[in-house]
């Protein structure tokens, strides 16, 4: 036997070599072939909105600073989301006529609007002097204030359209002219004041402090509030309560320059504060005001209303008799206060949260006092800060002079310092 054959015979049998696995392939049969595509990048589940277009700020010679327009998301929310709830009528006390919105603006939008206005508006801490019994006293307004608008005897128009307004007044209604002049799409920089009747520029001596056109950020809000209340307003008074120590004493906005039965809408933004109302002291049997009423009227005539600097007087007793849903409204019936029909009058306390609005109308201002008392505490809403905007209509120049004297004055401008979280003198 050959050597090769014997070696082969005695050699151990090797295990069979396993079959090689086929390499995986992405190729598909011709019938299932797919066109080559590019894998899309993963999408952001919460895409960021496109940057908002920057609108030019409002400027005017009477403004100490440019005032930005509202961010578009706030403007859209005000246009399509107000009122957030329908107003509730409160008329269950003598001479009382309120419309209460809880809220008028949604809480989220109201808080954003609060921060925007606090950051962007110029504020003042007005000081003025009064004489009591021959003694001059210096008054420091216990809150920050600012104001925009002018009474019905004047109005702002574009400076380039003075002659046009005169020549076309017969073809335009007064209402359309007013809306054209106050359109939020127009810049305030070239607006001038004209006499409402003659359509001619006003005298430089008509007002003690130059009136200021309502900036777009507030004018948009004014128009929305007008739609909700059915009233017309030409003034925006803005109060900033920096803490619970800032307050406004009992007063009523019953000045003659507001006309008969004034309609005043009061909007709250930011921290919650308590709003108090009580009936004015009764008249004596002879029909003359009581001693307390005379004192209050004297204080008010000296200090002016300007957002309320009327005199305070003792708290009236009573018991809680009513609570409403969405915020407690306490009705108290103080002894000794009766209206001419003999019915008892009441005292009201209600919390005003961010976005809430109270409209005082009818006989309310003639017969009731209202206030925002101090709020004690070291945290929460006591130190959070609150903005109150009141929309009202002055009918004669005395109203314009009053509002600018007590809400702007001749002092320095304050701005919100975001880094320090305080209202500080503008540098």
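Cβ atoms are placed via backbone N, Cα and C, with glycine included.
The annotation in TrEMBL ties 239, 241, 251, 254, 386, 390, 392 to 2-oxoglutarate, and of the candidates under consideration, 370, 410, the one tied to the same site is 370. Your range for region 'Disordered', going by TrEMBL and the list 276-313, 314-351, is 276-313.
Taken together, the residues of the domain 'Fe2OG dioxygenase' (232-395) have an average pLDDT of 72.
Shown are the binding-site residues 239, 390; of these, the residue with the fewest other Cβ atoms within 10 Å is 390. With DSSP states grouped into helix (H, G, I), strand (E, B) and coil, the compositional bias 'Pro residues' (52-69) comes out at 0 helix, 2 strand, 16 coil. DSSP gives residue 254 (2-oxoglutarate binding site) a coil state; it is part of no helix or strand.
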